[in-house]
Every structure is written in C-alpha cells, then in structure tokens.
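Participant: Quick one: this structure, given as structure tokens, is what I'll be asking you about.
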C-alpha cells in the first residue's frame, strides 16, 4: 500500500498554485506549515517567495528613511524598547529641530528613497506634538521631493483627520506581535487600541503601514497568528523587525533569532501577504548580516529602511544601494500619492 502522506501535495506546492498563480495568501494554518518546514527547504521557500513578490508586487524595491522627532521619555512599557521612560536605558528624552529634520529628509531623498517617516516616542500625540508634526510635514513637502509618512502612536479620529489634511500619505503603527502574545510584550495599553487606530487610518484613505518585531518569545503558532492578523488589515506595507536586545529593557537578555528562522519567517509572511510591501527594518544587520539580507531580498522582501534606525545603528546608506545594484534589484521611483 502506498503511503498516503507521500501522495499529498506539500505546502510549497499548494502555495505555488494558491499564492503564485491565484494571488490568494496562505491561511494561518498554512503559514504554520511553512514555518515548520525543515531548514533544508528554506532555499526552495525563498525562491517561491521571490517569484510571488515579483509577480504580485513587481521587481522594484522601495527605499525609506526614518527619523525621530521626539526620542525617549515614553510612558509606555513596551519591553523591547529603550525609549521607554520606565526602564534604566542610555536613551534620554530629546526633540529634533525642524531644520535638522528637513536636512535628514534631503539626505534620505539623495539615496533614491521615496518615503520619509517621522517618528515620535509617545503613546499618542498631544497638541504640542501635533503642531510640531504639522510644521515638519509642511516644511519637508515644500523643500524635498519625497513622500512623508508618520508614526506617532495611538490616534483619535480628529488626529487622523488632521494628518490626512496635511498630506501624510502613510501611517505606521505596528501591532508588534500577535494578539495572544501582546500581553507578554506590553502591559500599559492593549493590542485592541492599536488595532482601532489602524482601522481609522485605513478608513481615512492614508496607506496603512503595520508590522512588528520577530523574536520576542513568540511561538511559531503565534507568528502564524500574527501573519493572519496583519493580512486581515490588508496593509500597504509590513515592516519586519528582528529583536535587537537593548540594554536596560526587560528583553535585554533575549537571544537573537537564528538567521534560518528569520528567513523562513520572511518567506512565510510573503506567502501570507502576496501584494504587500514587506520591508526590512530594525535588527536585520544583527540577525541576518549581509548574506542573510541578500537572501531576504531574493526571498520575498521588497522594501528597506536605509541608514540608522531610531536607537540602533543601521548599515551605511550607500552600502545598501550598492547591494541592490549588485543584486540587479531596481529602486522604486517616486510616485506622489498626495
């Protein structure tokens, strides 16, 4: 008698038909199957993920720069974050002057980047921050040919409307991890509060940017859950961060995710989100180094943050651009959406 299991198509064969041919993302259960694949199948997974991203997103890679308008002093207890005022970390509260913000945007644009995101370490913006943000966005849009995004925490409907009115075309608010794992990561606000902000942003017409950090103690089951939750939002962009343990935070002693596990997660998320921009964000240098970064770019990733992150160092901007050129991956050109 033949082994029945040998007659059943593997998950990658199923994904080739479902995702590559029909453009239908994998379900939570199917994503878990991918995450449980042996390491020997990572190369096959990444090759399929690359085919999917080229077919449904195109060959171009979108480049983005980020800068912190307000660093540190945050009242929340996100256990991965050195900007929390509740932990003993080296980060201190500081505001960036608007002219310096504009200069950062100009430098980012010179790399070929189309996106520039202004970030603030807050639970949500007060009136002072909203006014600073309005001035900053206006100044950048007047002087720099780049799309402006924002990431300033949990919003009210009135704040969503104001950001839309000043020309913020994309809003980042990460869910960070799966709903079931969130209480292990943050206790001062809820996953639901973040989700509500994202729903308002989506309804406003701004593009939704929502991702998280991998390697924060979640199980593979919770990673699959997270992928399904993100897919339900139909975000324009999903930033994929990998935990870079920060001194003084509750996650300071967490192990760095294995590169093979990170690559498998990238491939799985691409198969769950075939039409979404998957962006390399913080932690890739530590988790994947150069070889793994290149493998990710040929395995489902089609966006990058260049330069430094909020509190950690990234790669040299020119080095990333050179890498894209070496891999024959074209940089996405600017398309003003607002």
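Please read every residue number as a count from 1 along the shown chain.
From the backbone N, Cα and C atoms, a Cβ is placed for every residue, glycine too.
The domain 'Radical SAM core' annotation in Swiss-Prot covers 59-284, and the record cites sequence analysis as its basis. Sequence annotations record features per position, and here Swiss-Prot assigns [4Fe-4S] cluster binding site to 74, 78, 81. Look at Swiss-Prot and you will find 117, 209, 279 tagged as [2Fe-2S] cluster binding site.
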Participant: Which chain neighbours of the [4Fe-4S] cluster site, leaving out 74, 78, 81, have a Cβ atom within 8 Å of the mean position of the site's Cβ atoms?
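Facilitator: For the [4Fe-4S] cluster site, the extra neighbours are 76, 77, 80, 82, 83, 84, 121.
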Participant: Suppose we draw a 10 Å sphere around the Cβ of residue 279 ([2Fe-2S] cluster binding site). How many other Cβ atoms does it contain, all chains included?
Facilitator: 23
Participant: If one measures from the C-alpha of residue 279 ([2Fe-2S] cluster binding site) to the C-alpha of residue 78 ([4Fe-4S] cluster binding site), what distance in angstrom results, rounded to a whole number?
Facilitator: 21
Participant: Let me check the 10 A CB neighbour count of residue 81 ([4Fe-4S] cluster binding site). How many other CB atoms are there?
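Facilitator: Residue 81 ([4Fe-4S] cluster binding site) is surrounded by 25 other Cβ atoms within 10 Å.
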Participant: What average pLDDT is reported by the model for the domain 'Radical SAM core' (59-284)?
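Facilitator: PLDDT averaged over the stretch: 93.
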Participant: Rounded to the nearest angstrom, how far is the Cα of residue 117 ([2Fe-2S] cluster binding site) from the Cα of residue 81 ([4Fe-4S] cluster binding site)?
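Facilitator: Pair distance, Cα basis, whole Å: 18 Å.
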Participant: If you measure residue 209 ([2Fe-2S] cluster binding site) to residue 78 ([4Fe-4S] cluster binding site) at Cα, how many Å is it?
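Facilitator: Checking the Cα atoms of residue 209 ([2Fe-2S] cluster binding site) and residue 78 ([4Fe-4S] cluster binding site) gives a distance of 19 Å.
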Participant: For the recorded [2Fe-2S] cluster site, whose residues are 117, 209, 279, find every other residue on that chain with a C-beta no more than 8 angstroms from the centre of their C-beta atoms, and list them by sequence position.
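Facilitator: The surrounding set, listed in chain order, is 64, 66, 115, 149, 151, 170, 172, 211, 237, 239, 281, 303, 305.
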Participant: Determine, from DSSP, whether residue 209 ([2Fe-2S] cluster binding site) sits in helix, strand or coil.
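Facilitator: Strand, per DSSP.
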Participant: Near residue 117 ([2Fe-2S] cluster binding site), which residues of its own chain have a C-beta under 8 A away, given they sit six or more steps off in sequence?
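Facilitator: Same-chain residues close to residue 117 ([2Fe-2S] cluster binding site) (Cβ under 8 Å, separated by 6 or more) are 64, 65, 66, 67, 148, 149, 150, 151, 170, 172, 209.
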